[in-house]
Amino acid sequence: MLALFFSLAPLLSQALPLGYTAAPAESFYFWPENISSLQAGEIFRKRELLTLPDIFDFGPNLEKVVQVAYKTRLTDGNDSFSIASIFIPKNPSPELKLYSYQTFEDAVQLDCAPSYALEVGNKSSNYLPVTSNLSAISRELEKGRHCIIPDHEGYISGFFAGRQEGYAGLDGIRAARNYLNGTNETPIGIFGYSGGAQATAWIVDLHDEYAPDLNFVGTVSGGTLVDAWGTFQYIDYPKVYLKGSILIMYTGLFSGYPAQFEVIWPYIEPVIQENMLLLRLAPNDCNQSPILQGYNNSIMAGIHVDLPEFPASKYIFQHESLLANYSVVPVSTPKFPRYMYHGGSDELAKLSLVEQYVDQQWNTGANLTFVVYPGLLHDETAYRGFDAAMDWLDAQLDSGYLPPVNSTHT
C-alpha cells in the first residue's frame, strides 16, 4: 500500500497527471525527459490559456494568461517541476513589476492545483478556494503590473510541506520573471493568506539561500502557520471536527519527506492509511468531505509513535519550523520589508507561535510590520485585513520602501 502511495506522484506526472481528469491539455503536465539538464526556474513548456472561466472579470486590464512549466526541486534535493500562471496586463507599466499571489490550494492532488483550476473552472473541485481572492490580481493588473500564481505545492502536491512550497514558489516567480525578460533588479511583491501564507513564509525564509537573485521589495503573509508540530498540537486533538483538513496536512507534510514517511507508515492505523490513499487517489475530490467518516479520534492518536521524539517524525518537524529555538536549520532574517497580519482569536494558526516568530525576527533585525486584529477568527481576518495589507504592498511596489511599524495591534 505504501509503495502505491509513493509511486502515485511520479506516475501521475508522467501518465495521468491530473488525477485521471480527461483534460485536453493533459500533456502539459507530463514529466520532461531532460529535466536533469535544466536550471532552477528554467521553462521547458508554455501555453496561453485561450479562455478563462466566466467568474473571472478582469475588464479591460487583462491582455492574456500564459502558463509555464518550470524546473524546481524537492525537499530532499531531487529534481521536480511545477506550473506558474502569468497574468499579462493590457497596459503594462513602463517598469516591469511583478506581483506573486500564493493562493490557498490546501489539497494533495494535482487536479486541485491553481493552474488547472484556472484552465477548467468549476470542472476542478478546488475552483472556488483557488480563485476566492483574485480581486488582488485585478487590482494589480489595473496598475499595469504582471501577476503570478505559482503552483507552489509542486507536482507532489505537498500541502503543508513548507520547504517544498518555498522552493516551488521561488522557482515559479523566477520562471515568470525570466519569461517576461526581467532582471535581478525587477521589483517583486508577494502575498499569501492561510495555506498561501505558509508558502509565502517559506519563500521568504529560503530566499536568501536559494534565490537571492529575486528582488523582493515587499512580502505579505496573513494567518501564517509557522511551526508544523505546534500547529498539530493546537488543532489536532481539541478540534477533532477538523479531522479531514488535519489529515490533508499530515498527508502533504509527510509526502515532502518520503524517506521519513516510509519509517512512520507502519505505525499509522489502517483507517488513516486508507484515507491518506483516498486523499491521493479519489479523482478530482479536493474538498474531501467523506474523509474519516465515523473516526472521532485525533489523527495523532492514530499514529502510534511519540511524534515529537520518534526520530523520523522529529526530523520532519524540526525541518518544518520557522522558530529559531526549534528548527535544526538556521532560520533566515531577510532584510527586505515584510508585513504580517493575524486574527487575535485565530482557531487554525496559533497566535502565540506567530508572535514568537515575529519576536525572533525583530530581535535579529527584521524590517517587519506585524498587525493583530483582536477577537477575529481565521476567515474573518482574511477579509478584514486584506485591504490594509494590499495598500502596504502597493506602496512598497510604488516606492520601494516603507518604514517598519512593530505593532501588535490595529
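Yeah, the Cβs are placed from backbone N, Cα and C, and that goes for glycine too.
According to Swiss-Prot, of the residues ASN78, ASN184, ASN78 is the one noted as N-linked glycosylation site. For the glycosylation sites shown (ASN34, ASN367), fewest C-beta neighbours within 10 angstroms: ASN34. Cα separation, SER194 (active site, charge relay system) to HIS378 (active site, charge relay system), rounded: 8 Å. Distances between the Cα of ASN133 (N-linked glycosylation site) and those of the recorded positions ASN181, ASP346, HIS378 are shortest for HIS378.
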